[in-house]
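The feature active site, proton acceptor is assigned by TrEMBL to HIS62. Here TrEMBL flags ASP63, VAL66, GLY68, ASP70, SER72, GLU81 as Ca(2+) 1 binding site. Annotation comment: TrEMBL describes HIS184 as heme b binding site. Annotation source TrEMBL lists Ca(2+) 2 binding site at THR185, ASP236, ASP244. Residues or ranges marked as disulfide bond in TrEMBL: CYS31-CYS107, CYS64-CYS69, CYS113-CYS317, CYS191-CYS223. TrEMBL lists 21-321 with the feature domain 'Plant heme peroxidase family profile'.
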Amino acid sequence: MEAIQLAFLVILAMGMPANGQLKTGFYFSSCPKVENIVRSTVASHFNKDPSVAPGLLRLHFHDCFVQGCDGSVMISGSASERTAFANLGLRGFEVIDDAKEQLEALCPGVVSCADILALAARDAVDLSDGPSWSVPTGRRDGRVSLASQVSNLPSPLDSIPVQLQKFAAKGLDDHDLVTLVGAHTIGQTSCRFMSYRLYNFTSTGNSDPTINPSFLSQLQTICPKNDDGSQRIALDKDSQTNFDVSFFKNVRDGNGVLESDQRLWGDQETRRIVQNYAGNIRGLLGFRFDYEFSKAMVKMGAIEVKTGYQGEIRKVCSKVN
């Protein structure tokens, strides 16, 4: 009997992440259809509205940078992370809720919201003609979500040293920074987050001199002076629905939309990384970025994760059990 109990404990331990680590195929026995269900759910929403892809990617990023990748960004409440100004434009919650409802019916209390989000972000990139990768799973859901903790999220106004500092605080380096910002190859932003570059940069009454003059006129047409700033603008002017390296070519050519994106070209070290991705030869026709982005996403997806008996497995992603 003792031998049987010992064998059971060994098998159980094999299915648990060791030393707080995640593992690929964590749900192989407990919920083997998890990845298929998440993929089909994301594809269903994507086919109706491709703009949900950058929404899911951003949702995962915002989750990981506040208390780690624990799904806390999905918790509703009067002072939760979702209510912070930086998170007011987040999208894709309905996709995660849809997948969660299906998984709870099939494998109740097994798959975390944090893992669903990590898988959905991967599938969103893949469906946008980007790379795919194996997502280590085993995250547990956090029980705390506070808007006051969102201040450490990277901002469009951040200088390169501040961006590097915020990424370093999460165990990410300058290469990770440039690579993950490359996610801006899909999606849009609001004029309110960049119109100051067009008309009153640093309170001079002039435009940001780093903007390509021909692109400046395009931006001013989309974002008129004294407008309410609600107009949407593509972060990648050439291919906002395709996951590719044109974002880096835009930064190289002075066509970055956000100030923080364009500043990547003004720093010697981050410029070198941008050049490696933007060049056809150095960038290996986009394969370099695809490979490095996959690695950076796995690295980001492991930030301060809760595993083992930490946290919980939420029944509904928008509220703690």
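Every residue, even glycine, has its Cβ placed from backbone N, Cα and C.
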Enter the number of other CB atoms within 10 angstroms of the CB of CYS191 (disulfide bond). 20
Can you tell which of CYS31, CYS64, VAL66, CYS113, CYS223 has the most other C-beta atoms within 10 Å, given these are the recorded positions? CYS113
Rounded to an integer, what is the Cα-Cα distance in Å between SER72 (Ca(2+) 1 binding site) and ASP236 (Ca(2+) 2 binding site)? 29
Whole-number Å only: compute the distance from the Cα of CYS69 (disulfide bond) to the Cα of GLU81 (Ca(2+) 1 binding site). 13
Using C-alpha atoms only, work out the spacing between the residue listed as 'active site, proton acceptor' and CYS191 (disulfide bond) and round it to an integer in Å. 20
Recorded positions considered: HIS62, HIS184; fewest surrounding Cβ atoms within 10 Å belongs to HIS62
If I take the alpha carbons of ASP70 (Ca(2+) 1 binding site) and CYS31 (disulfide bond), what is the distance between them in whole Å? 19
Excluding ASP63, VAL66, GLY68, ASP70, SER72, GLU81, which residues of the same chain place their Cβ within 8 Å of the centroid of the Cβ atoms of the recorded Ca(2+) 1 site? HIS62, CYS64, PHE65, GLN67, CYS69, GLY71, VAL73, GLY142, SER145
Restricting to the same chain and to sequence separations of six or more, state which residues have a Cβ under 8 Å from that of CYS107 (disulfide bond). TYR27, SER30, CYS31, VAL34
What are the non-local neighbours of ASP244 (Ca(2+) 2 binding site), defined as same-chain residues 6+ apart in sequence with CB under 8 A from its CB? ASP129, GLY130, THR185, GLY286
Near GLY68 (Ca(2+) 1 binding site), how many other Cβ atoms are within 10 Å of its Cβ? 20
Is any of the recorded positions VAL66, GLU81, HIS184, CYS191, CYS223, CYS317 within 10 Å of ASP236 (Ca(2+) 2 binding site) (Cα-Cα), and if so, which, in sequence order? HIS184
What are the non-local neighbours of CYS317 (disulfide bond), defined as same-chain residues 6+ apart in sequence with CB under 8 A from its CB? GLY71, MET74, ILE75, PHE93, ILE96, ASP97, LYS100, CYS113, ILE116, ASP141
Shortest C-alpha distance to CYS223 (disulfide bond) - which of the binding-site residues VAL66, GLY68, GLU81: GLU81
The predicted model's mean pLDDT over the domain 'Plant heme peroxidase family profile' (21-321) is 96
